[in-house]
Amino acid sequence: LNVFQDAASPIMEELLHFHDHTLMAVFLISTLVLYIITIMMTTKLTNSMDAQEIEMVWTIMPAIILIMIALPSLRILYLMDEVNDPHLTIKAIGHQWYWSYEYTNYEDLSFDSYMIPTNDLTPGQFRLLEVDNRMVVPMESPTRLLVTAEDVLHSWAVPSLGVKTDAIPGRLHQTSFIATRPGVFYGQCSEICGANHSFMPIVVEAVPLADFENWSS
């Protein structure tokens with residue numbers, strides 16, 4: 001059972017691969033520990049290995065495993081911080097309790113994004129996840145996202161895009177993503193920001209460039 005949403009960006013694909021890599025290391029460690037416990041319980045103990053050799057093994061092996069986990073992790077961390085020549089810049093502002101979006105490449109393109117009440121949903125829409133105005137982005141185009149808040153702490157997070165950035169009043173955080181396929185991707189504020197914390201969803205709609213230009217014009 002996969003606990004993650006399907007990846008819609010290169011960063012999320014890397015995160016999924018790193019998760020599988022780390023899980024395999026945990027599986028191997030668990031298997032080795034279980035094997036040693038079984039041997040100790042079923043076999044008469046012997047002093048066939050010198051104490052110094054044992055200490056070297058249980059010091060070097062964990063160090064090697066940690067390096068195998070740390071190197072891919074650092075690589076992904078630097079990839080997530082890189083913002084190379086974005087084609088579009090969007091500013092997301094967290095409010096109590098909705099999001100505002102400003103397309104800084106356009107003179108007058110900004111809107112608020114409120115959750116659609118349950119009574120107003122149409123068949124096929126998701127409860128507590130649909131919004132009246134989606135954040136539309138062109139697919140296969142590097143998009144820079146500037147995130148801040150106007151009142152309290154929020155967090156802009158879309159799992160399928162591999163994006164989670166805190167929105168802090170007075171600070172401007174930067175992240176980026178590339179939507180590799182068309183679709184509608186859902187997220188939520190991932191910071192407990194007040195009574196209606198669970199009622200400020202995020203919806204990103206990735207469309208072909210031609211459709212985005214028609215939408216933004």
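Placed from the backbone N, Cα and C atoms, the Cβ positions cover glycine too.
Here's what TrEMBL has on this protein:
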DOMAIN    1-84  domain 'Cytochrome oxidase subunit II transmembrane region profile'
DOMAIN    85-217  domain 'Cytochrome oxidase subunit II copper A binding'
TRANSMEM  22-45  transmembrane segment
TRANSMEM  57-80  transmembrane segment
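DSSP states for the domain 'Cytochrome oxidase subunit II transmembrane region profile' (1-84), grouped as helix (H, G, I), strand (E, B) and coil, give 64 helix, 0 strand, 20 coil. Residue counts for the domain 'Cytochrome oxidase subunit II copper A binding' (85-217) under DSSP, helix first, then strand, then coil, are 17 helix, 61 strand, 55 coil. Regional average pLDDT for the domain 'Cytochrome oxidase subunit II copper A binding' (85-217) in the model is 94.
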